[in-house]
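Here's the structure we're looking at; comments come further down.
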Amino acid sequence: MIVGAALQTSAFSLGQLIAGRVITGFGNGMNTSTVPTWASETSKSHKRGKMVMIEGAMITGGIALSYWLDFAFSFLEPSTVAWRFPIAFQIVPAVLLLAFILELPESPRWLILKGQEAEAKSVISALADLPQDDRLVRTEFTEIKDTVFEAANYGYRDLFTMGPERNFHRVVLAYLSQVFQQISGINLITYYAATIFEKYIGLDGQTSRILAAANGTEYFLSSFIAVWAIERFGRRDLMLWGSVGMVASMVILAIMNYLSEIHVGGSRPGIVSAVFLFAFNTFFAIGWLAIPWLYPAEIVPLKIRAPANGLSTSANWIFNFMVVMITPVAFNSIGYKTYIIFAVINAAIMPVIYFFYPETAYRGLEEIDTIFIKTKSWFSAVGVAKYQPLRYGKNGELLIDYENTEEHFHRVSSAAGGRVVGRKEAVSGDGMAAHKENVLAGEESGESAVDPEKGHGGVVR
């Protein structure tokens, strides 16, 4: 991102500007696909949603800052500093990120996958602020370890296979959450707020820029409602009620813009339109700003989490591009009916969330695997999640000791190559040791130690 921003800032040709933008896009794409996964994997089940909501709030903080920065430097036009400095300013947070990222812990799941189990247990212990021999630390370590060895040899092709854990089902949910975020119409406002205020509401240029910046600031402040609400009300309720508010806002915007087009009501329809542009941002910030980044990291299993998050992130930027490109054409062609289209889209999203998206609040990431193993159809995941007992409480306390569950014994027995593993051996970790020996033996013979058709195994490296 630093290299791309530098190229854009120093550009004296369209080609250089585009090249810098492409490089910045690659950097931003890697960040946006990695950060939610890392935040989810290093957070406790009762704080995971809040952590990713804070990330979303910081995104809107950057948007608000960019609005005010653009407004301030607009007074320097026609000097090129008016656009060069705002572009260059993105280097500042990138440098800060580089400075602080070295102090951040690696994901315990990644560490176990790479064979660094002692460090993984140390990270889990530090994040929980508990000694390494504490039951909660041991349980979480065992729970993660049981699933990690299944992740060794999985890649992009496994995104499109169902299997016992319903990979494809979960990838579709992750992908659509990002699609829904973008086709809701948020970037109609984020990208074109100043234009809407000036061209369609009838305000002067300076007032339009101030209102656009104020809209971005209100967007930022509203995002903290989601930080407070995400664990109290869950993902489903926020997405559903956020959609209700977004539908209502789009309907009112359509009506007010129609009245403005036929010159009824004087300036009043424009004032109401301005208010509901703010209202739409508020509802979006609560229900759809950060949850589509959180949900893919939660819903897919560890073995395909990295490629699945990359795929879902691509959906976000593809549909972002689509909406941004069609919005000016739509306004010029069909005017107020543009808002009706987005109202209908948001209304159509609501039943999809209600019937297909299971609640993930207070669930450990490995718990969600259990939900989908028990899910038998596209329609049953919501019901299975509703009645599946929680392993962790609302304050992160342990409710069910995973080390004593049948699921743990089954996973360890499967990992040990089908040999029946006793309770004591499973808890002590000897079952996993046997699994490593079996897999390494299979590696030497050129065969997998565990039948890949059963969704387990892969070479341990």
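Keep in mind that glycine also has a Cβ here, set from the backbone N, Cα and C atoms.
Here TrEMBL flags 451-461 as compositional bias 'Basic and acidic residues'. Annotated domain 'Major facilitator superfamily (MFS) profile' per TrEMBL: 1-361, in sequence order. The region 'Disordered' annotation in TrEMBL covers 441-461. Annotation comment: TrEMBL describes 52-69, 81-102, 238-259, 271-295, 315-334, 340-357 as transmembrane segment.
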Q.
Which sequence-distant residues neighbour the transmembrane segment (52-69)? Criterion: at least 6 residues beyond either end, Cβ under 8 Å.
A. 35-36, 39-40, 43, 85-86, 89, 93, 190, 209, 212-213, 215-217, 219-220, 222-224, 226-227, 230, 285, 289-291, 293-294, 297
(Q) Are there residues at least six beyond either end of the transmembrane segment (238-259) with Cβ under 8 Å to its Cβ atoms? List them, or say none. (A) 184-185, 200, 226, 229-230, 265, 269-270, 272-273, 276-277, 279-280, 282-284, 286-288, 291, 335-337, 339-340, 342-343, 346-347, 349-350, 353-354, 357
Q.
Cβ under 8 Å, sequence separation of at least 6 from the ends of the transmembrane segment (315-334): give me the contacting residues as numbers and ranges.
A. 25, 29, 32, 175-176, 178-179, 181-183, 185, 187-188, 191-192, 200, 292, 341
